[in-house]
Amino acid sequence: MAGSGVDVSPAPRDPVLEAEGAFLEHVGECLAHMRGTAEALVDVGGDAYASERLGALRAERLRSLAELPDVPAFFGRIDQPERALHIGRRHVIDEAGDPQVIDWRAPVSRTYYQASAQDPQGLLLRRRFGFSRGELTSYEDEDLTRTAPSPIEQDDDGDGTPALGSLVVAEIERPRSGPMRDIVATIQPDQDDIVRAPLEESVCIQGAPGTGKTAVGLHRAAFLLYSHAERLRRGGVLVVGPNRAFLSYIDQVLPALGEVDVTQCTVADLGPDVTVRATDTPAAEAVKTDPRMAEVLARALMSGVREPNDADDVVLDLAGRRYRVRAHRVAATVRTLAEKVVAPAAQREIYYAAARTRLARAIAEDARRQGEAAGFTPTDGETARAARSKDVRAVLDVVWPARRAVDVLADLYSDPTSLARAAEGLLDTDEQAALTWTARPRSLARAPWTAADVVLLDEIEGLLERPEAYEHIVVDEAQDLTAMQCRAIGRRLATGSLTVLGDLAQATHPCSLGQWSTVMTHLGRPEATVRPLTMGYRVPGEVIDFAAQLLPSIAPGLPAPRAARRAPGALRLRPAGDLLAAVVELADREGSTAVICADDAVASTTATLAAAGVGSTLLGSDEGAVAKAGDVVVVPAGLAKGLEHDHVVVLDPADILAAEPRGLQRLYVVLTRAVTSLTVVGAEGLPAPLSPGAPAS
Ligand SMILES: Nc1ncnc2c1ncn2[C@@H]1O[C@H](COP(=O)(O)OP(=O)(O)OP(=O)(O)O)[C@@H](O)[C@H]1O
């Protein structure tokens, strides 16, 4: 397209392609050399630990690149007046140490993502490369010297959406198979702003479905790990997702970006390892997820602490002599320590378990001072032994007993008097009744713990001992977090920062908080700015416009999402019973197909497909989202969040709607999973905002 500013040139003999292909080969050789150097570095071994570790890290990264043969060494190029730079997933240098490919996260790479004809940022040209199975097959140039917007930047249909380059669209529409992939070659300017926000800034992203929140969160983690390598590798980065299926869907993205040192887990994984054997009633869940529980639990834990009576002096042996530590002095120490243990998390200097040890030391030190006043000199070792003596332990068991989280919570649930004391002024009698167990189980290993209990146990453990902390935490699908889950994440943050991603319109948890300011407050970062992402990349305009008719009912304040592309015919509505016809229609279309149905319709749906000879893979909560090639994936509506498929069949929306209190939100989630086409089977069961005037199949 010479003269228009855009060149899409798949021709095999194109001189530009040939030159770039030769450069790609050269870069491959440089990489091989770098790999050899990194290996040699490890082998030499005589270096300081730091350089050995560096070599090991580098080798690890190169290995991960080598294991991904379809990942090209660069994906773009920027031409400045005096030089051209290729941009890739990581730096590549030649034998002389000169840069050949610049890491996408380096400051100089930023213009690749941000420059436009209106604001070229010193660039003459941006080139994007197209690859097929690792082979360089095309390129697309944007001439940034022209003052008029290039076709790539023009709003070609006048609906406010800038047209994307054809390579960007091709990347977005590339059929999905297997896990989520990175978007490093095509990050858009609004996404890039968030990816590169300073480490110190905790950000909260409110984004419509498919705006790239998950992608942005993961790329931000990779960016921060690059920009603050030492600090973040020491402090750690954690990614929290809603469930295992989601984690397995995203778990290839960071390794593909060369980052293998990131912990990924669900909120449930943060808590202690107890078996969930029961489900809460809605009333119990409402209380257990409420932030007032934090105070109730702190009181429950501290109810075991008591100051000794005046008559209860402590008598102990130290270095062969007997000493008496006055009860009122022990009481004063108990009081001081108790105040410190229940201080707000950010100011907490000491935890319950360590405070018990500190109290023992204080008692022994008191005896030591008495000894010194009398002319004796007990050693440190003798004093420490006295602190661990039977006499002191016996006192501690009365005034500061050792406790386990499970005991504290089980005591609370099975003793209405203790519960009433801990909940006084916080929970009313109905709320207390909702928490109560009818009997204390003989073994706590078999206690009827619920998912909400695990978060409460974690809250207690957070008082008992300092939890492992991270320097940065990325929280995805955060709209569903309860207050107590937010606290569980927040206390693992220490001085670090957060990237919080979500969409209030997709909040399906009945106890979710409904407002980002509340979420951020319970996460411990109330000052975080909320940034919107509104350009939807996943879902075609026809489908997102259809689903967005639900927004006034489910999230009235939110703006309607905009679609980056339209696809006529992407939406089809079919009557009930048309599942097989819908699936057969999609059989020869490229890409993945999913049937999303109500959770309790999974078995019947799988059976219907099997009876018709259609192979299917069931997406379970503990499995990956990867289907066998050619299989239809059957997805319970409850697990659909965050995932996507090329073709989606939503089966019997009325059942999905009726299955839970926030059925409308769930419906919005399932209707926004499609990249290429959405078919609704049982469309007559769609709720009012969606049925009238909806296009029929
Ligand atoms: N800049 C981009 N270039 C190419 N693909 C993109 C871009 N941004 C997003 N995508 C693609 O769009 C899809 C949606 O992205 P992602 O899952 O991150 O969105 P989300 O906002 O988290 O969606 P949801 O709200 O449904 O969880 C993904 O396949 C992602 O790779």
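All residue numbers here begin at 1 and follow the chain in the order shown.
Using the three backbone atoms N, Cα and C, a Cβ is placed for every residue, glycine included.
Over in TrEMBL, the protein carries these features:
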- 140-161: region 'Disordered' (REGION)
- 186-540: domain 'UvrD-like helicase ATP-binding' (DOMAIN)
- Gly207, Ala208, Pro209, Gly210, Thr211, Gly212, Lys213, Thr214: ATP binding site (BINDING)
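Same-chain residues with CB within 8 A of the center of the Gly207, Ala208, Pro209, Gly210, Thr211, Gly212, Lys213, Thr214 CB atoms, the ATP site residues themselves not counted, are Asp503, Leu533, Gly536, Tyr537, Arg538. If you take the C-beta of Pro209 (ATP binding site) and look for same-chain residues 6 or more apart in sequence within under 8 angstroms, you find Asp503, Gln506, Gly536, Arg538, Val539, Ile544, Ala547, Pro561, Tyr668, Val669, Thr672, Arg673. Look at Gly207 (ATP binding site): DSSP puts it in a strand.
On its own chain, Thr211 (ATP binding site) has Leu533, Thr534, Met535, Gly536, Tyr537, Pro561 as residues at least 6 apart in sequence with a Cβ closer than 8 Å to its own Cβ. Contacts of Thr214 (ATP binding site) defined by a Cβ separation under 8 A and a same-chain sequence distance of 6+ are given as Met180, Ile250, Asp476, Leu501, Gly642, in order along the sequence. Over the domain 'UvrD-like helicase ATP-binding' (186-540) the predicted model carries a mean pLDDT of 94.
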